[in-house]
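Peer 1: I have a structure here, written as structure tokens, and I will follow up with some questions on it.
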Amino acid sequence: MEASGSTRPAALLVLLFSLLMSLAAATGVSGKAAAAYVVYLGGHSRRDGVLSPEEASRRAADAHRDLLGAVLGEEKAREAIFYSYTKHINGFAATLEPGDAAEIAKYPGVVSVFPNRGRKLQTTRSWQFMRLERDGDVPPWSAWETARYGEDTIIGNLDSGVWPESKSFGEGEMAPIPDDWKGICQNEHDATFHCNSKLIGARYFNKGYEAAAGKPVDDALKTPRDENGHGTHTLSTAGGAAVRDAAAFGYGGGTARGGAPRARVAAYRVCFRPINGSECFDADVLAGFEAAIADGVHIISASVGGDATDYLDDAVAIGSLHAVKAGVTVVCSASNSGPDPGTVTNVAPWILTVAASSTDREFPAFAVFNRTRIQGRSLSERWLHGRGFYVIINGAEATAPGSTQKDAQACLLGSLDPEKARGKIVVCVRGAITRVEKGEAVRRAGGAAMILVNDEVSGNDLHADPHVLPAVHISYADGLILSDYIKNSKVPSGFVIKGKTILGIRPAPVMADFSSQGPNTVNPEILKPDITAPGMSVIAAWTGAAAPTDRPYDLRRVAFNVLSGTSMSCPHVSGIAGLIKTLHPDWSPAAIKSAIMTSASDLDAERNPIMNSSHAAATPFSYGSGHVFPNRALDPGLVYDMSIVDYLDFLCALGYNATAMRTFNSGSFVCPTAAMRLQDLNYPSITVHGLHAGTTAMVRRRVRNVGLPGTYTATVVKEPEGVHVVVTPAMLVFREAGEEKEFDVTFTISNPAPVTGYTFGAMVWSDGSHQVRSPLVVKIMGNE
């Protein structure tokens, strides 16, 4: 059987050539402006203590200037470079004409040249839902107790910064900062910004953002202080200290804490105010990775995303590869472009990629009309007073002069006529602008309340938002009932009933509608996302610099806020990775990743298959290996381990430049003479891509015992439809911890195949107490 994906290496060998051609083509555009590019050179040559770190960095920076100087001249090169990556990553970021970028891409030793692309930024109940606590108390068997709450693990967060005054970053009784910490508290432009023994470091990187903006940034962007709240929310979710009596707008009260509440945390601000929809730029993201690795973090959490692309043309993939080489586990968000297939990002196999799903908590509110009570969602603080009903109108009925009915139906700002909307409940259709902005449009028009109705595409996807007026968000189907009532009533009227916090919702978890899905569009042989975790209506710390809606018309300031997104699920897993690192400090990033993946569950709280938001069974393309299970992840039994050499072998098999791979690993690595098969990368999930009816494929894996001696038996708990699966050997005997064993999995496709396309199953290795589970994904091709 020919190796899956074997036709691609030749194509990938011309990656740099294709890039070179696209850059050169840009020079044909008259007056094409200079732009920022990242020039990636792989790794640094071996240093071995011959040079001091300072001298080695200085020489690397000089070499960068010399390289660019060969194209631009020495003085122009010095002016053009705004970052030199000189510690772990080898490369630089510079402002270049497209022709100059194309020219430097030709030089020996240049791995890739890519634009300074923009990227987007993608609690009190989550941890109880994941069984780390029970009714606010932490049982002795909790992963928190076992792993000492992540004590002294250092979690670095690449995001929009941090609000250091938040109670989530109070140092409490934490011990002094470890002596081997090399980070700083970068506050030269913000004297009020202080770090402590909890928040042990903070930096900012804005030169890539400045290059994209085309002008110098103001002092508000020369600080790690979080302006928009996203970074504060994600960092506190990963490693925030316990804060009692935390709630958002009076909802979801309890103790807020991060996944590793006694971990140290460090903030790396790489995201700023949006420019053309992007807050984070590649040159800054790469600088953030470089600093975090050098500072000494153990876990990097990065809730940023862009389009999936070739690994050596991707700042997150490059930065995370260097981090993993240094022993740092990298956790990233899967992105929020679901439920469409093939939208998952951050797909490099050395990244732990996290999807988003619900917990068993909801914030229901109700719309009442025509003796009907419809449940929706809301976090509104204000509610209607009195017992009388209010007139209900569609937004289109209150169209302001100069606006269209379509705009008014969507409740765009300025589209509603106060003479027609005042004192009424206005029905607004989702889309075009943010959900909370629609409420602001109603408020400005004097409306009493808003009922937000999903369009057909949004279906059942509901959100609890902190609206600026009484409001409730209802489904498309319920919206049709409401619309029919309005059309057929002379004076339609109703009421909006205040929301509340409800626990024990079933089913749970349910996959979030927005969570990006597989298959992996870069390498279908690698299943992505890897895992799912809570990412809907997550309560966590917030900045004091922005409103909970992050809108200028909202003057509220809160200590905690509710957000949804894979940005929220990512730090949950980062915190759990921190717990594992504390308990097993010698484990590799791949071992930590394997422990989280193989201990996950594809069943919900009632032991039924995890569902999606359309009430259909979800697949591994939604949740990867399943929902994270922290208590099991600390003691997985077996792990699928890998080193940096495994990842370099994988890149060689993809056809990436062998010289670049050697440079990356300090000159000591050589691509194997016989390229590995892509499906044989020692990944915890198993994917076989592109098989035909009647054919057979074999995949090899290697597991390491991280528990007591024992005998593990393989069980194929579910065969993919139309596929017969055999594991050889079916039993593995481990006589000591650390021992490794190989096994093969053979897939035979029925002839004729009953299905084509993707089909899913699972296998488990068990010794009676551990369940080491791997999803199986098979792509069956048609015979046409």
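Using N, Cα and C of the backbone, Cβ positions are placed for all residues, glycine too.
Pasting the relevant annotations from TrEMBL:
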- ASP159: active site, charge relay system (ACT_SITE)
- HIS230: active site, charge relay system (ACT_SITE)
- SER567: active site, charge relay system (ACT_SITE)
- 37-122: domain 'Inhibitor I9' (DOMAIN)
- 152-608: domain 'Peptidase S8/S53' (DOMAIN)
- 1-26: signal peptide (SIGNAL)
Peer 1: At the Cα level, what's the spacing in Å between HIS230 (active site, charge relay system) and SER567 (active site, charge relay system), rounded?
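Peer 2: With distance taken Cα to Cα, SER567 (active site, charge relay system) is 8 Å from HIS230 (active site, charge relay system).
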Peer 1: What same-chain residues, at least 6 away in sequence, bring their CB to under 8 Å of the CB of SER567 (active site, charge relay system)?
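Peer 2: The answer is LEU121, GLN122, HIS230, HIS233, THR234, SER303, SER333, ASN336, GLY535.
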Peer 1: Tell me which of the active-site residues ASP159, HIS230 sits in the most Cβ-dense spot, judged by other Cβ atoms within 10 Å.
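Peer 2: Highest number of other Cβ atoms within 10 Å: ASP159.
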Peer 1: Where DSSP helix means H, G or I and strand means E or B, what are the helix, strand and coil counts for the domain 'Inhibitor I9' (37-122)?
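Peer 2: The domain 'Inhibitor I9' (37-122) comes out at 34 helix, 23 strand, 29 coil.
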Peer 1: Restricting attention to the domain 'Inhibitor I9' (37-122), give the mean pLDDT.
Peer 2: 91
